[in-house]
Structures are given as C-alpha cells and as structure tokens.
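Peer 1: First, the structure itself, so that you have it in front of you.
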Amino acid sequence: MDLPESSVSLADEGRAPRRVGPVDREELVRVIEQSLYSLGYRRAAAALEAESGVPLYPPEHDRLLLDVMAGQWDACAETVRSVAGVGDADRAVAEFLLWRAHYLELLGTGGDAGLRRAREVLRRRIAPLGVDRRCVHWLACAMVSCEGAVAPEAVVGWRIAVFLDLVEVLPPWFHVPSGRLEHLVESAVTKQVASCIYHNLPDEITLFQDHKCHEQHIPSKCAQILCGHNDEVWFVRFSNNGDYLASSSSDCTAIIWKVEKDDTLTKKHCLQGHQKPISFVAWSPNDRMLLTCGTGESLKLWNVNTGECNLKFGGSVDYIINSCAWFPNSEKIVCASSEPGSSPNRIFTCNLEGQELEVWAGDRIPKVSDLAVTPDGRHLIFVSCNDIWIRELPKGREWRFREKQAISSLSLSGDGQSLIVNLNSQEIHLWKINEKSTVPEKFKGHKQEKFVIRSCFGGSNSLFIASGSEDSQVYIWKRHLETPIEVLHGHTMIVNCVSWNPARPHMLASASDDHTVRIWLACKTGSTCS
C-alpha cells in the first residue's frame, strides 16, 4: 500500500512533525528543557537536548553570552544586529545597553586614557543611536561625577546583569523566559477553574485531568435544622473565623451557635435582654464580641465567650439605630440612626464604652438602611433609598451609585473590593467599590417584592452569591452568571437572610420565617449528606 507523501517523508526522517496542532514541537521541547534546568534536573535536561537535537538556547545566545563576558563589544553589537525579529527601536535599545556597559567600565578604569576612550564611545557609538537624550546627558555628566562607573573588581557581576538586561529586549525565542512552562500550566488551570461553574474547593485541583466540578461541590444538601427560636428568624451571620454562627429573631432573642469539627452546630448561648425583635447582628473582626440591634431600641454589646451583655448603646438618647458595623481594630463601631420626629439623620462612630467620637448629621445625611466598613477600614459604605454611598475615611472624597429601584440590604465581599445590594425589583446588583462604574453585574431569579431580603458573597475566593427569597427558597449564583446555578428547597416560608461560612466554603446557613435556621453542606466525594 502506498503511503501519502507526507507520511513517507516523516517515516524516512524518523522524526515527529515540527508542529502538533497549535504547538510548535521545538518550542515545546525548549520550554521543557528550561523547566528541567530550573527544577535542578540538569542531567535530564541535557539528555533531552541530546536526544531531541533541540538545544535550549540558539547559537546566537551562547555567542552573545561569551562575548559579553569577554567584553568583546563590537562582536556583541554584530550579534545583536544579526538576531531576526528585532524591531529597530528594540535593536537600538540593545545596542545602547552594550555601549553603555562599555562606557561605564571605561570610566571605572580611571586615568586619562580611560576617559578619552569613554568619550569616543559616547560620541561615536551611543549618541548616533537616537535614544532618549536624557540618558545620553546623564552619561556625559558621569564623566565628571563618575556616577555609575564600574570598578574592575565588579566587572563580572556587572556583565552578567548586562546580559540579562539584553535578553529582556530580544525576542522570546532567543532566551526562554524563566518559569515559562509553569506559567503556561498555571494559566491553563486558572482558565479551567474560571470556567468551572461549581468550583468551590481549592484542594480539588489536579494536573492529571481537566478540571471539572459537580454541583455537589457547593452547599446543596440540608444537613441540619436549627430550631432554637420561637418566631421568625430575621438574620443569620457566621463569625469571621467560621467557628460560630449568630442568629436573631422576632422572638427578641439572638443565639450563638458553635460550629463543631464535624460540621454540626450546637447552641452555645441564648442572648436575652431585648424587648423588641432583633433585626440584625454584627461580629467584631476578632470574633470576641457581638452586636445586636433590636427594632426601634438600643444596641447591645455581648461577650461571645460568656454570653453576657457588656454594654447597652443609645438607651438615654432619643434616636433609633438602624444599622451598625465594626472597624478592623475591633475597638470602634459606626452606626446609622434616625429619629421618628424632626431630628436629623445621623451617622456616628463610637468606642466600646459608648462614647461618640465622630458625628455626621444634618439635612445632607440621608436615612440609612444598611452600612458596612471595608476590611481595610478605608471606606464606609451605606445605602439609602436608591443610593449607594461610598466615603473614604477618615476624611476623603465621597461618591455614590444610583439604582433605579429601592435598596433593601447591602453585603461586602471578603476582600472588600465588591458589594452587592438587593433591590425590590427582584434583582441583585454587584458593584466594584473602587471603580466609578455605571453598569453593575446583575443576578435574577429569586423573588423579592415586599420584604427585606439579604444576600451574601461566599465560597472559595467569594466566587458565589447566595440570597434568600420570598418563595421560601435559597438561590445561588456563580459570579458573572445572571441566572442561578442552584436553588435550595426546604424552608416552608420566606427566607430572610443567608450567610456563607468564610472559613468553610462548603457550608451555608439560611434563616426563615418558618422559625428555623437551615445548615446546607456540599457533598464531596466520599462524604454523606442527609
């Protein structure tokens, strides 16, 4: 049987084709050789060079290295001119690096002869290259100041540095960039992870197969139902270290739950003392204290370890605290307050003794429904009606994003770079905090028309968004995808709030009007969820 001409040619040569798909065979071999050398497998790298017939570096590379180290500057310039694929501008820069090196070495030799030769190099070699005149001027000044002159004993290290600068200017084929194979592999893995809808567990990444996660990698199975409250559960929030969960209810209590090593939760403290429903809670950054706020009544500070109330804020002042947040040092809080009568709205900071430190008040301050402080303490964010306000701290510029619909709640990402707001238009919008963008990312599918529904970031690197819903379900989105990737069923009434465990990305909590908190877990391979 006659073989095609191309097959006969390959068989005769006994070689693999130069290009396999989009990959050039010789480029691949050189990248592998560079990786082997960098990993310390020098004999393996040399054996690959010998067997493949593909050297790591082209002849011009080795010739230029030898000439630079020997100070053969004319030969170096000739080699640079012979390298293919170098533009005129880059070639001029490469020659400038060479002649600058020679010039500074001549200055370092001292004496009149060295100065005369250096002057000739500057006039005949460097000036005609057309490089930045400031560089030429600096070199000319160095003849007087000797700044940058290379002493004879420093020549070897200097020439190595010159060579490394040269290869940065020359084309990539001339000198394989350090760590190129590792970079290619990392880029491929990163792209696969980014395109994986359900990626949530960092330890699931392997090089032995293409990356693909299944829906079991995100919290989707109800593992526990917490029934400690006697009425609607309005708020739920994991501590920053993920070891505790706090829930608050219209039964006027808050409960601190302990997250055990086996992912079960047990009741640690039931916080009693409020006379009205508790609308929200806030963990201190060090997780030693918890703030609770009753609807239309005072703010209370609790000791997480003992369950005791350490302080009561606002008891003697005629205003209502609507929301509060901690500063990163766990020593100061910021509150938003309003008064039902004619008194102006206020935003104020105070210490843990209840002493006010800073106050923003007046007609310009809107009625704030929710607020937050970024983890670095540099930005105060608060929402009012249709507006998201961002203020630089302590006294900086202020800007806002305007929504078309009323905002019901606010949540920050773990890195403090993004925020999400729930709207009464049944949408969740994601905004970048440090960018004056005009078009947010949008997430749809849940139900929200009448009540305050809270959402959160979560999962590995805050890659997901979860939200409660008025249809008694929990919705989960992957960032950058508008429609939900998972809907969790189980609650029998409105789901008011959700919280994703920041230390255990496989755990999610939801609070509902059905008096319960549900704990949702990811079912990893080999585990069981009931």
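In case you wondered, yes, glycine gets a Cβ from its N, Cα and C as well.
Note that the structure is predicted; figures quoted are calculated from it, not measured.
Look at TrEMBL and you will find 226-267, 271-312, 488-520 tagged as repeat 'WD'.
How buried are these features, and what lies next to them?
Peer 2: Proximity of distant same-chain residues to the repeat 'WD' (226-267), defined by a Cβ-Cβ separation under 8 Å and at least 6 residues beyond the stretch ends, is recorded for 274-283, 285-287, 290, 292, 294, 302, 304, 307, 454, 493, 496-504, 506-507, 509-513, 515-519, 521.
Each residue of the repeat 'WD' (271-312) gets a DSSP state, and the totals for helix, strand and coil are 0 helix, 22 strand, 20 coil.
Remark: secondary structure over the repeat 'WD' (488-520) totals 0 helix, 17 strand, 16 coil, with classes taken from DSSP.
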Peer 1: How about long-range neighbours of the repeat 'WD' (488-520): same chain, 6 or more residues beyond its ends, C-beta under 8 Å?
Peer 2: 200-201, 217-238, 240-243, 245, 247, 249, 257, 259, 263, 265, 414, 451-460, 464, 466-470, 472-476
Peer 1: Need one number: mean pLDDT over the repeat 'WD' (271-312).
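Peer 2: Mean pLDDT for the repeat 'WD' (271-312): 91.
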